[in-house]
Every structure is written in structure tokens, then in C-alpha cells.
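J.: Dropping a structure here in C-alpha cells format, bear with me for questions.
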Amino acid sequence: MSQKSLVEEMQQVQLAIELIELGARLQVLETETDLSRARLIRLFKEVRGMSPPKGMLPFSTDWFITWLPNVHASLFYNIYRSLIVEQECERMQAFVTAYRLYSEQVSIDQAEPVLGLTRAWTLVRFFESDLLQLSTCNSCSGHFVAHAHTPDQDYVCGICMPPSRAGKTRKRREREAEEAVSREVSLKRVG
Ligand SMILES: [Zn+2]
């Protein structure tokens, strides 16, 4: 094995550890590194002290369009995009940094981190597959996650025009989030 590949392997292990610490699922690690599944499972157990959870990844774009997830997803994606476009960061480095910055911002605002790392990764992949776009709000000029090919000449974001349910209690929001997730699961079954 050449020295270069050893260095590359170490970098991949380092990336995998960072992703696991931030809450990545096994599928994220398998896609983003060349490390074997057995090694990733071992790493996961060492870092988290438990086996990686089983099950499929969420794959519906709809979740990112619902009110509260949309605000969080848009915050994260704007940070990610600025790291890629303005700072010319490498993709996964931008991803990890953007996720850390997003988490910091959420904790400063004393809000709950609605966007888990695996969701954030799914979001990036949806953008890369042209399933999502950033629409510019006509009221605040902010950029928000929207379905691809959504006409945005009249677009107004969820912060400028919150739905009536936005002011509801936490419990009710959580219940609605659960309902959204179960809708997603049933979509998955159909697909
Ligand atoms: Zn707005």
C-alpha cells in the first residue's frame, strides 16, 4: 500500500469519526467514504458505544418544505452553499463545517436542532439531484429551500408568512411533526 493511500485512508477514518460524532447513520458513511462496512460498524461502535441503528433513510423532499423544517433546512443550506461558493471549501468539509455552524446557531437561539445530520446530508443530496432549489423571498430577500421548478416570482417564505399553526404549543408541533413523519413512511411504502 502506497503512502498516499495510507494518508487518504486516515483522512477517511477522520471524516467518518466526525460524521459519527455528529450523528450520521451508516448509509451516510458508506456513501461518503471508501471504508468497508465492517470497519464503519466497528468505528461506529467505538465512537458511539452502540451498534448503528437499522432502517432506511428518510427520502421524501416534502419534509424540507414543511414550516419549521424549512426554516432549519434553509439556514443550514445557506451556510453550506456559502462555504462551497464563497470559501471554495471541499464538499464534505463544507458539509461538516456547515452542520457545526448550524448546530451552534440553533443552540445560541436556544432552539431545538430540527435538522439532524443525516437529514442535512439528504438535503444536500436532493440539491445535487436537482430535486430542490433555493427560492428568493419577495418580502425579506432570504433564500429558502423549495421544490425544484417551483415558480418563485411570488414566493414568500415561511418566516415572513408563517402558517397559523406556527404559534402552537411545542406538544402540538411535535405531534404534527410525527404525523409528517408517518406520512413520509407511508409514502415510502407506496414507493
Ligand atoms: Zn421572507
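Numbers run from 1 along the shown chain.
Glycine is no exception: its Cβ is also placed from the backbone N, Cα and C atoms.
From TrEMBL, for reference:
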BINDING   Cys137, Cys140, Cys157, Cys160  Zn(2+) binding site
REGION    165-191  region 'Disordered'
COMPBIAS  174-191  compositional bias 'Basic and acidic residues'
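Quick one: where do these features end up spatially?
T.: Non-local neighbourhood of Cys160 (Zn(2+) binding site): Cys137, Ser139, Cys140, each in the same chain, at least six residues away, with C-beta under 8 Å from its C-beta. Secondary structure from DSSP puts Cys160 (Zn(2+) binding site) in coil.
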J.: Cys137, Cys157: which of these binding-site residues has the highest Cβ count within 10 Å of its own Cβ?
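T.: By the 10 Å Cβ neighbour count, Cys157 comes out on top.
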